[in-house]
Amino acid sequence: MDLNSLLVLTGVHLLALATPGPDVFLVLRTSLAHGFKYSIYACLGVGFGIVLWVILTAFGLKSLFLLFPFIKTMLMVFSVCYLGYLSFLLLRSSFSKKVENFDTNYQKPLSTKHFFIVGFLTNLSNPKAILYFASIFSRFVSENASFYEVLTLVFVISFESILAFILLGRIFSIKRARELFLNNQNKIDAVCGVIFALFAMLIFYELILNFKVFYA
């Protein structure tokens with residue numbers, strides 16, 4: 001992989017990261033509600049999920065999905081349940097009169113480990129990630145690529161992802177942004193809750209279509 005290809009890869013992946021998704025809204029919500037410290041761990045959880053997806057893609061997870069469709073189906077079921085659960089927590093919080101009540105949805109005290117796990121599971125709840133990374137590999141890695149080239153790709157994608165999410169977390173953890181959030185927490189929670197619910201419904205719809213195709 002030459003320098004030009006590496007720069008193109010960086011640009012393409014940056015555009016993909018800029019596309020709103022569950023990861024983005026989770027980091028945004030964590031930064032606004034709990035500050036930069038906790039958002040870093042959420043970002044690391046998301047980043048670890050991305051690393052896992054990239055490694056699995058490199059070892060042919062897409063082919064495994066084709067051979068054993070039920071594995072992807074189980075992953076999609078998990079995605080619907082987990083995103084639905086996050087949506088429920090946020091929507092329940094949006095009807096609360098107290099700003100601090102969102103924290104009661106979680107076990108106390110809030111730990112950095114908790115935010116890491118939430119970030120990791122949220123990233124894993126996107127079954128389409130494997131298709132995205134498979135397309136990246138097919139475009140930027142040849143069939144005769146060396147282990148070093150594959151490792152470079154894994155490092156670039158992982159590092160860029162974690163850095164981008166940490167930057168997002170930093171931006172939304174500044175005082176002005178937090179003040180704006182505290183004044184509009186119920187509305188923001190409601191919007192984020194609806195967005196997570198929409199992601200869950202889209203995956204559920206795709207799950208139904210897959211069942212129809214399978215049993216047709």
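All positions are counted from 1 along the displayed chain.
Any Cβ shown, glycine's included, is placed from N, Cα and C.
Straight from TrEMBL, the features:
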- 6-28: transmembrane segment (TRANSMEM)
- 40-61: transmembrane segment (TRANSMEM)
- 67-91: transmembrane segment (TRANSMEM)
- 115-134: transmembrane segment (TRANSMEM)
- 146-168: transmembrane segment (TRANSMEM)
- 188-208: transmembrane segment (TRANSMEM)
Count the CB pairs under 8 A between the transmembrane segment (146-168) and each of 6-28, 67-91, 188-208, then give me the winner.
6-28
Using a Cβ cut-off under 8 Å, which residues of the same chain at least 6 positions beyond either end of the transmembrane segment (67-91) come close to it?
22, 26, 29, 105, 121-122, 124-127, 189-190, 192-194, 196-197, 199-200, 203-204, 206-207, 210, 214
Using a Cβ cut-off of under 8 Å, list the residues of the same chain at least 6 residues beyond the transmembrane segment (188-208) that approach it.
20-22, 25, 28-29, 32, 73, 76-77, 79-80, 83-84, 86-91, 93-94, 102, 127, 181
By a Cβ-Cβ criterion of under 8 Å, what residues six or more beyond either terminus of the transmembrane segment (40-61) are in contact with it?
23, 26-27, 30, 112-113, 115-124, 129-130, 133-134, 136-137, 150, 153-154, 157-158, 161-162, 165-166, 168-169
